[in-house]
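*Asks:* Take a look at this one; I'll ask things after.
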Amino acid sequence: MHSTSLSLAQVDPEILAAINKESERQQFGLEMIASENYTSKAVMEAQGSILTNKYAEGYPGKRYYGGCVNVDTVESLAIERAKKLFGVQYANVQPHSGSQANMGVYLAACKAGETILGMDLSHGGHLTHGSPVNFSGMLFKAASYKLDPETGRLNYDTIRATAKEVQPKLIIAGYSAYPRTLDFAKFKEIADEVGAQLLVDMAHFAGLVATGHHPSPVPYADYITTTTHKTLRGPRGGMILTNSEEKAKTMNSRIFPGIQGGPLEHVIAGKAVAFGEALKPEFKDYSGKVVSNAKVLAEELLSAGFKLVTGGTDNHLILVDLSDREITGKLAENSLDEAGITVNKNTVPNEKRSPFVTSGVRIGTPALTTRGMGPAEMKQIAKWIGQVLNNAEDAGVKNRVHEEVKELCKQFPIY
């Protein structure tokens with residue numbers, strides 16, 4: 001007979017050992033991947049709850065399974081909190097990921113084979129914005145806009161010209177590695193000129209939008225997608241927002257029964273908790289510090305002689321361009337990892353190297369800010385990054401920095 005009351009230590013010590021090692025890695029290292037964060041114990045408690053046992057195909061009040069009264073309450077709370085957080089009329093909290101949220105919108109706004117226009121992956125876009133290896137590039141005719149080769153910024157005149165040339169049905173405004181504010185009014189103007197709908201994928205900066213530290217896309221976008229982790233600091237998942245009743249009905253049907261079956265109600269519970277946390281004044285203060293920490297870090301890296309894409313940042317992330325140095329993005333990532341600093345290799349505009357090697361690294365401040373780190377720590381971390389990248393093959397330097405990183409981390413426990 002299967003016992004439901006045994007602990008993880010009793011049932012699967014191998015998995016527990018891996019979890020404990022990961023806990024140690026997170027506690028004693030500096031997490032600087034821009035898309036990662038530390039969610040709260042409350043979110044994890046909700047996500048690890050008994051709700052994982054419940055199937056609930058459909059939407060609150062209209063399920064295809066019985067026994068959904070309590071998960072209806074949970075999902076309804078998540079929806080209402082999301083609507084309040086972003087000032088929208090309709091929200092779908094069921095997408096399992098940001099990618100599935102995007103897929104739901106594409107299927108709502110376009111037919112297979114029609115044209116979509118998004119930021120080029122190598123210039124800071126996301127796989128789901130039209131990459132040929134992704135469903136977005138397989139199911140749709142994907143065109144892309146790129147960054148200005150001189151400034152490293154978006155050039156809206158160029159985007160307009162591209163849109164007029166390719167005549168997309170959907171324009172995607174969003175990124176995975178762009179350190180500047182997006183001008184949604186200009187994107188909307190371009191979309192209107194070519195008769196396209198506008199999707200804003202705010203997965204990276206949703207937490208900043210929620211707190212007024214980034215302009216809101218709500219007045220301009222037909223659809224808005226986001227992940228619920230990253231700067232929102234919730235569980236890993238996705239969400240779609242809109243102010244159109246008609247579009248809400250379409251997007252809901254594209255998520256279920258279109259591309260998903262049963263929603264993950266335990267994850268939706270975690271989303272609801274995270275949205276509730278984000279509605280509190282403390283979260284607004286946190287988001288402001290995410291941005292200010294990124295600016296300090298950028299200034300320090302510039303002072304240390306590093307080249308940054310666009311020369312700085314307006315948001316939570318920094319893109320370091322190493323193309324003028326001998327070191328590759330891959331070596332930089334590995335060397336920093338050996339020193340207890342986790343970043344990710346990233347392509348830069350006009351990339352000459354393979355995406356598996358790259359000429360840049362992407363660095364973010366959301367997780368460090370969650371730990372309570374501020375400007376003083378950013379200055380010290382910038383020094384460590386410089387020391388490691390300037391001595392990438394020197395084990396002595398990396399070991400010394402790693403020990404110093406551990407000491408700093410002890411002062412800022414995660415939980």
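Yeah, the Cβs are placed from backbone N, Cα and C, and that goes for glycine too.
Not my notes, these are from Swiss-Prot:
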{"type": "BINDING", "residues": "LEU121, GLY125, HIS126, LEU127, GLU246, SER354, PRO355, PHE356", "note": "(6S)-5,6,7,8-tetrahydrofolate binding site"}
{"type": "MOD_RES", "residues": "LYS230", "note": "N6-(pyridoxal phosphate)lysine"}
{"type": "SITE", "residues": "HIS229", "note": "site 'Plays an important role in substrate specificity'"}
*Asks:* CB neighbours of PRO355 ((6S)-5,6,7,8-tetrahydrofolate binding site) within 10 A?
*Replies:* 12
*Asks:* Expressed to the nearest Å, what is the distance separating GLY125 ((6S)-5,6,7,8-tetrahydrofolate binding site) and LYS230 (N6-(pyridoxal phosphate)lysine) at their Cα atoms?
*Replies:* 16
*Asks:* Please report the Cα separation of LEU127 ((6S)-5,6,7,8-tetrahydrofolate binding site) and HIS229 (site 'Plays an important role in substrate specificity') in Å, rounded to an integer.
*Replies:* 18
*Asks:* Tell me the Cα distance separating HIS229 (site 'Plays an important role in substrate specificity') from PRO355 ((6S)-5,6,7,8-tetrahydrofolate binding site), rounded to the nearest angstrom.
*Replies:* 25
*Asks:* When the Cα-Cα distance from the residue listed as 'N6-(pyridoxal phosphate)lysine' is computed for each of the binding-site residues LEU121, HIS126, GLU246, SER354, PHE356, which gives the smallest value?
*Replies:* HIS126
*Asks:* Return the count of C-beta atoms lying within 10 angstroms of the C-beta of HIS126 ((6S)-5,6,7,8-tetrahydrofolate binding site), excluding that atom itself.
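*Replies:* If we count other Cβ atoms within 10 Å of HIS126 ((6S)-5,6,7,8-tetrahydrofolate binding site), we arrive at 23.
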*Asks:* Please work out the number of neighbouring Cβ atoms within 10 Å of the Cβ of HIS229 (site 'Plays an important role in substrate specificity'), leaving out its own Cβ.
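*Replies:* There are 27 of them.
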*Asks:* Let's check the environment of LEU121 ((6S)-5,6,7,8-tetrahydrofolate binding site): how many other CB atoms sit within 10 Å of its CB?
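*Replies:* I count 22 other Cβ atoms within 10 Å of it.
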*Asks:* Roughly how many angstrom lie between the C-alpha atoms of SER354 ((6S)-5,6,7,8-tetrahydrofolate binding site) and HIS229 (site 'Plays an important role in substrate specificity')?
*Replies:* 28
*Asks:* Taking the Cβ of PHE356 ((6S)-5,6,7,8-tetrahydrofolate binding site) as reference, which residues of that chain separated by at least 6 in sequence fall under 8 Å from it?
*Replies:* LYS330
*Asks:* When you tally the Cβ atoms that lie within 10 Å of each candidate's Cβ, which of the recorded positions (LEU127, LYS230, GLU246) has the highest tally?
*Replies:* LYS230
*Asks:* Which of the binding-site residues LEU121, HIS126, GLU246 has its Cα nearest to the Cα of HIS229 (site 'Plays an important role in substrate specificity')?
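*Replies:* Going through LEU121, HIS126, GLU246 one by one, the Cα closest to that of HIS229 (site 'Plays an important role in substrate specificity') is HIS126.
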*Asks:* What count of other C-beta atoms do you get within 10 angstroms of the C-beta of GLY125 ((6S)-5,6,7,8-tetrahydrofolate binding site), across all chains shown?
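*Replies:* A count of 24.
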